Amino acid sequence: MALSRSIGSTSLRNRRFLEQIALSPQLLIPLQSLVGLARLIVAKAFARAGFMRKILGFCHTSRIPSAMGTLSVNQNKLQKRLRRLAGEAITDYNMIEDGDKVMVCLSGGKDSYTMLDVLLHLQKVAPIQFEIVAVNMDQKQPGFPEHVLPAYLKTLGVEYHIVEKDTYSVVKELIPEGKTTCSLCSRLRRGTLYTFADEIGATKMALGHHRDDMVETFFLNMFFNGSLKGMPPKLRADDGRNVVIRPLAYCSEKDIQAYSDMREFPIIPCNLCGSQENLQRQVVKEMLIDWERKHPGRTESIFRAMQNVAPSQLADRNLFDFTSLKIDETAAPRFLDVVNI
């Protein structure tokens, strides 16, 4: 069992040693039964390996794992929960089938990184065989760090493609300054990715949208478009040649953010749309956050409602034949005549 010892009780000489290797005297380091200078030498080895440097920013009240890559109990639960929920969503909606070639769309954000990480794990343990191909679209935004994703994907050993398409110039030309660019940008990106998926023979196109995205989209359409529709876990494109899947459909954004922080993915911010203020989606997001704070579990309840639709209890004549509703003369009385019993 690893033994935790406080560096705060070290001598002045050792304190100076700690300062030289940039360790906090308040930090608790679990190591095997080492004491004194031996323990500090091992700590220095952690620092040289880059392990300490990466987590010093938030671990002043935490313990460093006694071995590289070891997860805490909560981290392990988080990882298992995300994998389990993704597996359930994939199973419930038959998202991935034996022999599928899944094109995993990477934006460089927390959601798509988490999706790829989870799918790579499921690929190893699933009872079926399927391929994974990672694809990123370089939209030629100024300052886009082109090297980040290729470097990361090479470390994973996963097949990947970078699709270059200057949609940035198109968006800037067509959308007036200060107006929301998200809608046009997403349409252009989606069209390009659909075409590329067809070119490489991908049978499924995986997007990183999560449960909160789906609930937000539901309210966006309700509030601003007057329609009761959302973002389905599985969708066949209008051209009929592409099937879109969302493996993180059951996962919360909070869990994904925590997992992304834990894994320290090389996040690439979106300078085109991510920095826009007063987006309709942001307004809805803040509304849901406020609801969740006041009534914990409400977002999950709304999502469950989206899975439990009763067309006869709404008002869409295309979903339910209201005009043909008549009394069923053969039906038994629903209520007993208690007066004559």
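From the backbone N, Cα and C atoms, a Cβ is placed for every residue, glycine too.
The [4Fe-4S] cluster binding site annotation in TrEMBL covers Cys182, Cys185, Cys273. When other Cβ atoms within 10 Å of the Cβ of Cys185 ([4Fe-4S] cluster binding site) are tallied across all protein chains shown, the result is 20. Annotation note: Cys185 ([4Fe-4S] cluster binding site) sits in a helical segment as assigned by DSSP.
Feature annotation from TrEMBL assigns domain 'tRNA(Ile)-lysidine/2-thiocytidine synthase N-terminal' to 101-263.
Residues 136, 148-149, 207-210, 213, 248, 253, 256-257, 259-260, 265-268, 270 of the same chain lie 6+ residues outside the motif 'PP-loop motif' (107-112) yet bring a C-beta within less than 8 angstroms of a C-beta in it. For 107-112, the entry in TrEMBL reads motif 'PP-loop motif'.
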Helix, strand and coil residues within the motif 'PP-loop motif' (107-112) as assigned by DSSP | 3 helix, 0 strand, 3 coil
